[in-house]
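Colleague: Here's a structure for you.
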Amino acid sequence: MDERHKKILQRNRSNLVKGLDPSNLYDSLLEKGVFTEDMIDEIKSSGTRRDQARQLVRDLETRGSRAFPIFLECLQETGQHSLAELLQDGAPSVHIRPSAPPQVVRPPVKPLPVVSPMDIDKPKVEVVPISPLSPKQKTNTTPTPCKLHTIISRWWQSGLFLILKDIYFLLLHPCGHCLIINNVEFDPRSELSNRTGSNIDCDKLERRFKALNFIVEVKANLKQRQIKHQLSALSKKDHSQFDCCVVIMLSHGTEVSHSRFPGAVYGVDGQHIPVQYITNYLNGQHCPSLQGKPKLFFIQACGGGEKDTGFEVSPDEVEPSFGGEDDQTDAIPMSSSSDSLSMSDEPDARATLPTPSDILVSYSTFPGYVSWRDTQSGSWYVETLDRILEESASINDLVTMLMMVNHEVSQNSAKGLYKQMPGSFNFLRKLLYFQTQA
């Protein structure tokens, strides 16, 4: 880009960050060759609208001589005329096609239903009958309504007299996509050890979420760039015919500097991606078809390198449980002294997420500490999570079950000494009940 154009952008950066709507520009800038798809994904994952606008302007300065006039053209096309005029002041004349007036599509107006005053406080639930499926139809993944009356019956039998509007309804079958990224074999140059036992975790979670009526896709041994590509592809899917979305990360992790929440997950190339970026791919701004729907993230990775030895409590408060001889962690070694405790220890990650609604991130460990994994039976966290989901998903909501997971994992001890405490950041607005077999 010419220096005079760079100076114009730099002079007006504060106004651009304040008023620019980058989401309307991505397709045009990609189509006109100003940015690549990977660059667009990087900008999208940078955070809020202001963060994205700031990153877009910075990246724009690194592009070719045509980047500035094309940017002005895109501003005009997307109706951001005031910013285009602001940048044109002092800039050489640029031929910009006038934008066509946007076509306003008004939704059809439907009359409101007439409701009897006696029925105002009664929740209305429409039960859709289910036709029996032929053998050929059974493999079809087209979402269909599930047996709503069975779900409501379970709530009633369990004593959960809940207001229906305070529940996420997972009524479609399948109810959503589930992406599992399982990093086991790491590049020797990354100085990260292989995660023996992680395939056991992956198999358990794949079976469990299929049983919960999700479309499960497993990706193994991905580099950082490939992780971003898979998340971007997931965000671009049409989720309008589904009720939920799940992402599961099984990898090494570490602490990183952060503005909101800590933690990052490693690719097999030793490059990490902050969990805040991972969650950003599916938030309401970047994935409109998931707006108002629960987005669930499960992170089996260390949150740091510190090993928790716990503290003394009354014997009545503890149900001791001891891990096996093959317990490992999923974190980067922090020092030679900590490594000497176990030559096979590898710590895992903790997450950073933004604050949009309808997101829950469940961590295998408390921020700053390692997460333990048995090479024979898998990680403490996943083993417990899988069992709790199997035993309790038909009667308990997700947050209640995660509390049960926290309690049971906290009772374990690695090598008779070290403890682990899972936790979660919960931005769900309602209770979430999974679909289970009737």
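Backbone N, Cα and C define each Cβ position, glycine as well.
The following feature annotations were taken from TrEMBL:
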ACT_SITE  H252  active site
ACT_SITE  C302  active site
COMPBIAS  314-329  compositional bias 'Acidic residues'
COMPBIAS  334-344  compositional bias 'Low complexity'
DOMAIN    1-90  domain 'CARD'
DOMAIN    174-306  domain 'Caspase family p20'
DOMAIN    349-436  domain 'Caspase family p10'
REGION    309-349  region 'Disordered'
Colleague: Could you measure between C302 (active site) and H252 (active site) for me? Cα positions, answer in whole angstrom.
Modeller: 6
Colleague: Just counting, how many other CB atoms are there within 10 A of the CB of H252 (active site)?
Modeller: 30
Colleague: For the domain 'CARD' (1-90), what is the mean per-residue pLDDT, to the nearest integer?
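Modeller: Taking every residue in the domain 'CARD' (1-90) and averaging pLDDT yields 86.
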Colleague: What is the number of other Cβ atoms found within 10 Å of the Cβ of C302 (active site)?
Modeller: 36
Colleague: DSSP helix, strand and coil counts for the domain 'CARD' (1-90)?
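Modeller: Output for the domain 'CARD' (1-90) reads 64 helix, 0 strand, 26 coil.
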